[in-house]
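Remarks on the structure that follows.
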């Protein structure tokens, strides 16, 4: 401490000796250091504005001020006014006029906070006019302009008490510039910007002639308490008004937005919902474990009671009771439907060619509607509901403010470039990333200039289209040149000029001389982007060549805090005007973007060794979606081909090599596929007639889906026909009819359930999904109808061909000498009968299976609670898309989120004082105004998702009107008398301000408001008036023809939004904020009750659906269960137990699917919702056939009926449902589109696997325990039919093979179970007929 004090004394002595021999020998109260003006500073030239005159050296007593001089002093420097008789000053009238003029520039920025503005003025008033000037001012350098004249002061020292300086700085440190959404001190602190600014640096910048505004150099010394100065000098310690205090009765304190001390106590938003725990276990997990345990226990109890009940029944069974009325009712629907379809099938099989012709005519008639098809490719039209709130908001925004401009953006990182250190003269040692290398910047500048000068020929316009024809030009929208185009990049700090980029200069600072170059200028501009002239020896501007600042978060990315030199990526953004779809300029914009993409692809290839580049144009997303759709068409075609091949091969019943050509079902398989495709085309044509738009996704996916569903019915029908023996004397047509009567109710059950599920899925508001659901539902109905007609006719013709031993495909030839087919059951049926079913339904296996599936259900219930909701837009792209890298870079490097506009509708009066105060955020405004509420929200970005407070045209309009600035003036004479005079006009014709000076905040009258607002909106901002509204607010206020405001907007920024969950939550939070603002503004007198404030972000239309997709999904899926249960209940013969077990299996499939979606990275959204609706429909295929087979079986026990259903219908379901789905689904894994891979390949694979497991493993076990009792009505009918058949049995012997003894023509009796003694089939005792075909 002693050493420090000795050092201070030594410094004071040296300073005192230096002062003694310089220009201010007298330091005492009442003495000046300089007085009067001595012209311009000869050492300076090229200031940003006309620099003020410098003062004359004059160490003389202060002058007594009177008259006009006193009045001027009182107006300019009110704190130096001591009354009419006791006011002294060290400045002349000329000096006061110059001081007032020079302060007007800064006051334009600070006037919104009166305390700050007055404190700032007070500092410079004391320096220039204080009567005690010599106490704290010491001149250090003068120049002699002319002999005989007083020397002119070009440099001096000012000594302040540190507390005085820091209080003054503190009062200004939070004052904002609304248009730039930044702090005013950021442009008043030089290279340090707002982040590194403090009182010393703030004052140093004001005294630095290098800033282009200061007329002389001032060195500020801030002294701690107790530090003394020699020769009677005393540091200035004047009055400072805190920002939260007013200047007087008519003045207002600074607002919360400009002064932290003025802020009311804002309770922090509620913390993120804490996790729910029960003890140390997550609450949901604990609840699900309890639920699963109860479910398992209940199942065990039910099984036990059921087994015990069966044992009691077996002990008391003595006679066969007649079917009671409920059982007859249960049997009635089965009988009615069976007889109807049997009759129908017989008639169709009897007239196959007629039915085929009629079916073909109907399909063609409906397909003609495809000529009217409208394919939707616009992502907005595909993925957002036309009547959704977001679409309405978008329509309002586009109508009143124009569409959000089209963004063409480039991210660039350096390959194999390590970071390096740079010792900056201004900021000391700084780390620079590899991308910030001069040679790379030069190459990127060449790229940027090539893109800026890019031209492309338009055949429609018959001329070249260039960037200036379509670009967004905020400062010159009507007569745009190339340099007016908004291009944001780091290179704009050098005005896109190679020469300026290479510029170097020697600079001395604090006694150290060093070379400064582009790196110093970059550091300066990144910290102070509003700078018109940096403080380096380069003296370069930071303003882009189109006239606006480039903020660092839009030019560089991948940095921490404010370490911009460590940025890993450079960002180049071309902003292009957006136009309506029918505007010719939209085609021009897309044409230029196409050329932009080609240039970028070429540059990416040629510089792959230097740069890693990601880029995007506005048209890119739509282009890539369309590209992948076309690319994946062959994948879908192969999928259809494989399913067709499988059907063709699997439908055949092969017994001998010599009969392969005859027993093949290629034609029948092709016909089945044609039936499916015909149903799809007919459905699409039908909706085209109605004007319902379609999409490429429908063309891809719906045929595949309907083929998978339709192939199931084809298999079940054909296999049943092959297995069902022909009755004695039964014609082929009757045989087909009887087969159809047996399986058609089951086909109807599945098709109807699936179609209803799809139609319910159309309740979603997403257009693409809605159209997909409608088309799929109708296609399934048409598919069922065509299967009941065209396919039955095809089977009739194919059976006739096979029975005539004609080869498939080339049926014109006949093979008469072929041996008859062998009677055998087939490998699949054999496997199910001998191996699978006995193992599955073993007494020890069944409880294990039941327990495992219940545990799996419980586990997936928990996983279901953790599924992510949303759809990231990159999933709509192919895996090889260049946009994948773009979205990756966007999320990794962009340090700010998208802009969010708070739009106001008509019905609010902005022109009243109350109306303005409820909107603005400067002095005199309400504490909970619109902009203040957004400011409060921005202080909690993790909850509000707002990171940067809103710009406000109301605030800047008020500041623009302030008389102390040079912004709003009126011509007092000349040809433009009484018209607006721009701040660039310095003539004496513009001496009248728009508003008179007031003691309180400036507020225009209603008449003044409507008169001056258009002037403000068309005023170009410049150094003399930075508040001009042309650049920032030209499109922010929509005026009617009579000047009334019908819409306005206030722009803020979200925090970085990385995924769809962030976008969804940001939309939710901004709507809550807007609703709160709306409720507050409706309290302002004169406000329309329908007035509204709403948030608009360009992405809202895509993420609106995710606000409600969860409850909508639960409702839709729950709704799907109702018709599924009802249809099953009705078509299974009013069997409620079968319906419940059927529904239970479907619910378990659905829950397991959703749970495993979370494991496999499949998010929940509208696309997955429609697939889950499909899952309900497809689950019906897996379980309903087996449930119905169990219900109509006449075996005496549940276990035997379960075995019977598993062997016969289970094998058919495996061959017809699972095996027709698997090949097509697996092929989808090769699709390029991630949307197809994730939401159709993965999800449908899960659905098929889980459906297969539940249908062929879980359901038979459950039915063996809890299935319904045997239907005695069916038992009775079977008994009567058997007795009738035995009575009519012919006496002629049977042939050992189903062939005519003389001609050997094949007779299709189907598969005869009498050759398999192990199966006690009801039909095994039926006699055979020698009917030949």
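For all residues, glycine too, the Cβ spot is worked out from N, Cα and C.
Per Swiss-Prot, disulfide bond is recorded for 32-90 (among others), and the stated evidence type is similarity to another entry. Residues within less than 8 Å, Cβ to Cβ, of residue 90 (disulfide bond) and separated from it by at least 6 positions along the same chain comprise 32, 33, 34, 35, 62, 63, 128, 129, 130, 131, 133.
Using a 10 Å radius centred on the Cβ of residue 125 (disulfide bond) and all shown protein chains, the other Cβ atoms total 23. Look at Swiss-Prot and you will find 77-125 (among others) tagged as disulfide bond, backed by similarity to another entry.
The disulfide bond annotation in Swiss-Prot covers 91-129 (among others) and is backed by similarity to another entry. A simple way to gauge crowding: the CB of residue 91 (disulfide bond) has 32 other CB atoms within 10 angstroms, across all the protein chains here.
Within the same chain, residues at least six positions away from residue 254 (disulfide bond) with a Cβ under 8 Å of its Cβ are 112, 113, 114, 115, 116, 171, 175, 243, 244, 262, 922, 923. In the three-state DSSP assignment, the secondary structure recorded for residue 254 (disulfide bond) is coil. Here Swiss-Prot flags 113-254 (among others) as disulfide bond, drawing on similarity to another entry.
Around residue 172 (disulfide bond), the same-chain residues at least 6 positions away in sequence with a Cβ under 8 Å from its Cβ are 110, 113, 116, 119, 120, 184, 185, 202, 243. Annotated disulfide bond per Swiss-Prot: 116-172 (among others), in sequence order, evidence recorded as similarity to another entry.
On its own chain, residue 189 (disulfide bond) has 196, 197, 201, 202, 205, 528 as residues at least 6 apart in sequence with a Cβ closer than 8 Å to its own Cβ. Swiss-Prot lists 189-197 (among others) with the feature disulfide bond, giving similarity to another entry as the kind of evidence.
What Swiss-Prot lists as disulfide bond is 243-259 (among others), and the listing cites similarity to another entry. In this structure, residue 259 (disulfide bond) belongs to neither helix nor strand by DSSP; it is coil. Around residue 259 (disulfide bond), the same-chain residues at least 6 positions away in sequence with a Cβ under 8 Å from its Cβ are 113, 115, 116, 171, 174, 175, 243, 244, 253.
The disulfide bond feature in Swiss-Prot is assigned to 256-263 (among others); the stated evidence is similarity to another entry. Taking the Cβ of residue 256 (disulfide bond) as reference, residues of its chain lying under 8 Å away and at least six apart in sequence are, in sequence order, 262, 263, 264, 921, 927, 932, 935, 936.
The local packing around residue 471 (disulfide bond), expressed as other Cβ atoms within 10 Å of its Cβ over all shown chains, amounts to 26. Under the heading disulfide bond, Swiss-Prot lists 471-485 (among others), citing similarity to another entry as support.
Taking the Cβ of residue 542 (disulfide bond) as reference, residues of its chain lying under 8 Å away and at least six apart in sequence are, in sequence order, 493, 521, 524, 525, 528, 529, 530, 531, 532, 534, 549, 550. Reduced to three states, the DSSP call for residue 542 (disulfide bond) is coil. Positions annotated as disulfide bond by Swiss-Prot, on the basis of similarity to another entry: 525-542 (among others).
Taken from Swiss-Prot, the feature disulfide bond applies to 967-1025 (among others). The Cβ of residue 1025 (disulfide bond) lies under 8 Å from the Cβ of 108, 960, 965, 966, 967, 982, 983, 1019, each of which sits 6+ residues away along the same chain. Residue 1025 (disulfide bond) falls within neither a helix nor a strand when secondary structure is assigned with DSSP, and so counts as coil.
Under the heading disulfide bond, Swiss-Prot lists 981-990 (among others), citing similarity to another entry as support. The Cβ of residue 981 (disulfide bond) lies under 8 Å from the Cβ of 969, 970, 971, 989, 990, each of which sits 6+ residues away along the same chain.
Marked as domain 'SSD' by Swiss-Prot: 632-797.
The feature signal peptide is assigned by Swiss-Prot to 1-20.
Feature annotation from Swiss-Prot assigns topological domain 'Extracellular' to 21-284 (among others); the stated evidence is sequence analysis.
Looking only at the topological domain 'Cytoplasmic' (306-352), the predicted model's pLDDT averages out at 66. Annotation source Swiss-Prot lists topological domain 'Cytoplasmic' at 306-352 (among others), citing sequence analysis.
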Chain residues outside the transmembrane segment (1243-1263) and at least six past its termini with a C-beta under 8 angstroms from it:
708, 837, 840-841, 846, 849-850, 853, 1141, 1144-1145, 1148-1149, 1152-1153, 1156-1157, 1160, 1162, 1168, 1171, 1174-1175, 1178-1179, 1181-1183, 1186-1187, 1190, 1198, 1201-1203, 1205-1206, 1210, 1213-1214, 1217-1218, 1221-1222, 1225-1226, 1228
Entries of 91, 471, 485 which, being disulfide-bonded residues, have CA atoms within 10 angstroms of residue 125 (disulfide bond):
91
Distance [Cα-Cα, Å, rounded] between residue 77 (disulfide bond) and residue 471 (disulfide bond)
47
In whole Å, how far is residue 91 (disulfide bond) from residue 485 (disulfide bond) when you measure between their Cα atoms?
47
Given the cut-off of 8 Å on Cβ pairs that are 6 or more apart in sequence, determine whether the transmembrane segment (1114-1134) and the transmembrane segment (1143-1163) share at least 3 such pairs.
yes
Determine, from DSSP, whether residue 172 (disulfide bond) sits in helix, strand or coil.
helix
Applying the under-8 angstroms CB criterion, which one of 666-686, 1166-1186, 1207-1227 scores highest with the transmembrane segment (777-797)?
666-686
With the transmembrane segment (666-686) as the reference, find which of 353-373, 697-717, 847-867, 1166-1186 contributes the most Cβ pairs under 8 Å.
353-373
Protein Cβ atoms within 10 Å of residue 243 (disulfide bond), excluding its own
26
Where residue 91 (disulfide bond) and residue 471 (disulfide bond) are concerned, what is their Cα separation in Å, rounded?
51
With DSSP as the reference, give the number of residues of the topological domain 'Cytoplasmic' (1135-1142) in helix, strand and coil.
7 helix, 0 strand, 1 coil
